[in-house]
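Asker: Take this structure first; my questions come after.
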Amino acid sequence: RKVKGGNIDVHPSEKALIVQYEVEATILGELGDPMLGERKECQKIIRLKSLNANTDIASLARKVVEECKLIHPSKLAEVEQLLYYLQNRRDASAAGKEKKEKSSKPKDPPPFEGMEIDEVANINDMDEYIELLYEDIPDKVRGSALILQLARNPDNLEELLINETALGALARVLREDWKQSVELATNIIYVFFCFSSFSQFHGIITHYKIGALCMNIIDHELKRHELWQEELAKKKKADILLMCWGNPENQTLKKDYEKTYKKYQGLVVKQEQLLRVALYLLLNLAEDTRTELKMRNKNIVHMLVKALDRDNFELLILVVSFLKKLSIFMENKNDMVEMDIVEKLVKMVPCDHEDLLNITLRLLLNLSFDTGLRNKMVQVGLLPKLTALLANENYKQVAMCILYHISMDDRFKSMFAYTDCIPQLMKMLFECPDERVDLELISFCINLAANKRNVQLICEGNGLKMLMKRALKFKDPLLMKMIRNISQHDGPTKSLFIDYVGDLAAQISNDEEEEFVIECLGTLANLTLPDLDWELVLKEYKLVPYLKDKLKPGSAEDDLVLEVVIMIGTVSMDDSCAALLAKSGIIPALIELLNAQQEDDEFVCQIIYVFYQMVFHQATRDVIIKETQAPAYLIDLMHDKNAEIRKVCDNTLDIIAEYDEEWAKKIQSEKFRWHNSQWLEMVESRQMDDSEQYLYGDDRIEPYIHEGDILERPDLYYNADGLIAPDGAVSPDFFSDYHLQNGDIVGQHPFSS
């Protein structure tokens, strides 16, 4: 066997050197002649854990060359150069890489008791280690620890993979003896965990059914932990009771409790090592969604949520990471709801462990898409805790996304007023260096601005002035949307907008971005202020031609046209403005738009509202009633299926009827026709139901009316119990169609009984 050294290079992501080498194995014949030869290209990774900014590169290079026989002494200068490169690269990229690692996967489990042994494992001695797996438990633990030592080096995995005897023996021992030794179970699962770190080896783990076995082990260990806790609680309770009674045996019981507690702590440490390795292996296997589904069917979610009661940070990071992965599926999320996961997670926010807090917030973000879980988060007091995290740069983004989801529910919007959330958000808005504010931040602010109490806090001091200044400077449509939400609230905040009417009106032109114009129009349309001279604004900024032009069907996007209609409705409250708009011919344009958008309830409602405002003023009332067909359209829409449209229609028609007798008669006639058509339909349907018994005849029942007007049936105007009124009196109208004959009341019908 010959070994030939090759190239040396740096590891792409770790502090390590990669040495390429070639192994040439030759089988010699009886006379020493080579008979069969094979070459294999290999690589060795030299990890340099001690390498940092202060490392002496020359000394380290000499040490590497001395200890690694694959590197020829002549390559010392090359090794030095590579180490120098690694040292500088590490300095430049450490911060970014560490941050990335934190958010990706938990760290590999560290060495632990039972795994650390004095011997150094050798891949050539595998047969000896396999034989140890057939001995007693201590030997099995030793054998599994030596195999694990080899498996922790990724270079050995392929060689271990082809050793089916070793893998089969490990799987058998795990299946048969895992209850007898925690160390043994941990070692063997760790060996398979090393394979699970690489997707191409997942098949071998599935073949030996290690995943299903791990789930059984985890379930068993969690139940054992519950029993330990119950036993410990009983001993503690007995100890407390004896202390209360002043029993002299108390000292003995106290020592017994302390001894049990110490034993419990030792067992928990070992158990958590086992749980951590087993769960990490399952997390790696869960890359395949089919495998993940099998785990879900075996109750993995319930096991993980139970494990959240532990105190071990490393185990908790793994458990929460696994839950975060599972939480993207609704079925898993529903299982988490059943287990009250939010109550268990809230204790981790905040916590001293940076990685755990980060992954917990990400899990909460996934869960916050569910309305019920958002409600639960508020109930358990997560709102002020998340608000406090906004000040921390590491968690600000995730915390803000969760708070944004909570702010989508109207019932929770007002709760933000009782935290220091709004001042923090305003500070972030004004200090944002970019032209456009971060999407998460501005979306959150838009939601909060929909609540009146929040708006008062936003506008405190120069809040509105600063917002307006930034929005107009950068033409930011989302920031203007927030301002629009602020403008919708009546009270002192609305009157603050008087100073900005001119600035907003100046933005309404074809030159500006359409989204920005929509928000400016919407803000102006909200300003229903009595002190505002809308006529002056319309004339000074030449808005009437712009508004009329946008009303033409197809001239602009529907969103913009709708805002134009709403704006016209607002300015029409002023009589001089209404007259100005009527003269410009906006009413026919609105009727044309009504025809084009008759299927869109929002458009119809807003156009009718404009007519409602117009008929209030003498100047425009005559134009609406006498010069347009608006009343006819209103009559058609009087019985629309939309309640809001019917309401605005009725109010508008009532005003028209009050001022114009001709239209009043038409409106009354239409209302009467509509009302009676419904009533007649009801009566006719009732008659159809009863027709059969009338046709077959009954002396006590009046014959069915085949001919004659239904309105000639006076009995239909009375109560269902009979023709006579409840007080025993007979209506005078009754006698106009009926007369008494031989003491009986007989109806005058075209034919007799």
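Note: Cβ is positioned from N, Cα and C throughout, glycine not excepted.
The following feature annotations were taken from TrEMBL:
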type: REGION; residues: 94-115; note: region 'Disordered'
type: COMPBIAS; residues: 94-110; note: compositional bias 'Basic and acidic residues'
type: REPEAT; residues: 585-629; note: repeat 'ARM'
Asker: Six or more residues beyond either end and a Cβ under 8 Å away: which residues meet both conditions relative to the repeat 'ARM' (585-629)?
Answerer: 544, 547-548, 551-553, 558, 561-562, 565-566, 568-569, 572-573, 575, 578-579, 637, 640, 642, 644-645, 648-649, 651-652, 655-656, 659-660, 663
Asker: List the helix, strand and coil residue totals of the repeat 'ARM' (585-629) as derived from DSSP.
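Answerer: Split by secondary structure, the repeat 'ARM' (585-629) comes out as 35 helix, 0 strand, 10 coil.
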Asker: Kindly state the mean pLDDT of the repeat 'ARM' (585-629) in the predicted structure.
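Answerer: Mean model confidence (pLDDT) across the repeat 'ARM' (585-629) is 89.
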